[in-house]
Amino acid sequence: MRITVLTGAGISAESGLATFRASDGLWENHRIEDVASPDGFARDPALVHQFYNERRKNAAAAVPNAAHQALARLAERHDLTLITQNVDDLHERAGSAKVIHMHGSLNRARCTSCNLTWAAPPQMSVDMPCPACAARTIRPDIVWFGEMPFHLEQIWVALEQADLFAAIGTSGNVYPAAGFAQHAARNGAHCVELNLQDSATSRDFDDHIRGPASLTVPAWVDSLGS
Ligand code: APR
């Protein structure tokens, strides 16, 4: 069976990483326009690096949970396309070999002068030179608000080919990811939402599995058999 899965911050919550829109979420403590927009980076790059250095440190200290591990097992049994909005590497560290990071990765840096991307150091700063052109204009290789997500062509194809689409731990607030279930359903996929609670797009799903991902995802994966 061809399965396409989209994960959001909720799958990493039980690994101790903050989500965005919970009461203690990242967007409660930081203004998106300051730390996750091109204008914010142009205005105060040091603040942006500080925000992502903190998230990079937390992600490095986090451990993949049973939900990440279950999706790695799923890829051994079915034709799985795993898409994540998350910028942590918990899927990879749980054993998922192919992960589509549509919002980029904390572990990648990009030069805004020559566009080189490379493995980001644990702490980045405004005075770090680009390894290729030496310009001091490096940024996290993360998609900010107002920028185009990565790998969309590949994602649309995976949604159109899926027999089954699952969204795990995402609030359905940010497009284009919030429109993935509708796109998959229009192409014949059965859609299931795994979340603690209803999301902004719950109506787009055929089934709803409620509970913490570390419990619901392993049970769901086991229910799919091989
Ligand atoms: N198990 C399952 N779901 C959970 C858990 C859990 N343990 N904890 C939280 N959730 C769910 C919440 O109910 C919520 O629906 O995870 C979702 C988290 O929502 P958001 O914080 O909005 O995160 P996400 O949907 O990934 O945000 C999407 O928005 O800000 C941008 O680029 C950012 O990639 C992010 C995008």
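Every residue gets a Cβ built from N, Cα and C, even glycine.
Some features that TrEMBL has for this protein:
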| type | residues | note |
| --- | --- | --- |
| ACT_SITE | H103 | active site, proton acceptor |
| BINDING | 8-27, 85-88, 169-171, 195-197, A213 | NAD(+) binding site |
| BINDING | Y52, R55 | substrate binding site |
| BINDING | C111, C114, C130, C133 | Zn(2+) binding site |
| DOMAIN | 1-226 | domain 'Deacetylase sirtuin-type' |
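Checked against ligand 1, the binding-site residues S12, D24, Q85, C114, C130, G169 give Q85, G169 as the ones with a Cβ under 6 Å from it, listed in sequence order. Annotation: C111 carries the greatest number of neighbouring Cβ atoms among the binding-site residues C111, C133, L196 [cut-off 10 Å, Cβ to Cβ]. Here G16 (NAD(+) binding site) comes close to N58, A61, A62, V63: these same-chain residues lie at least six apart in sequence, with C-beta atoms under 8 angstroms from its C-beta. Distances between the Cα of D24 (NAD(+) binding site) and those of the binding-site residues R55, C111, C114, C130 are shortest for R55. Put simply, H103 (active site, proton acceptor) is 23 Å from L196 (NAD(+) binding site) when counted between their Cα atoms.
In this structure the C-alpha atoms belonging to S12 (NAD(+) binding site) and the residue listed as 'active site, proton acceptor' are separated by 15 Å. Taking the Cβ of G169 (NAD(+) binding site) as centre and 10 Å as the limit, one finds 27 other Cβ atoms among all the protein chains shown. The Cα of C111 (Zn(2+) binding site) lies closest to that of Y52, out of the binding-site residues G8, F20, Y52, Q85, G169. Taking the centre of the Cβ atoms of C111, C114, C130, C133 as the Zn(2+) site, the nearby residues of that chain (Cβ within 8 Å, site residues left out) are T112, S113, N115, L116, P131, A132, A134, A135, T137, I138.
A simple way to gauge crowding: the CB of Y52 (substrate binding site) has 21 other CB atoms within 10 angstroms, across all the protein chains here. Taking F20, Q85, H103, C133, G169 as the recorded positions under consideration, the smallest Cα distance to R55 (substrate binding site) is found for F20.
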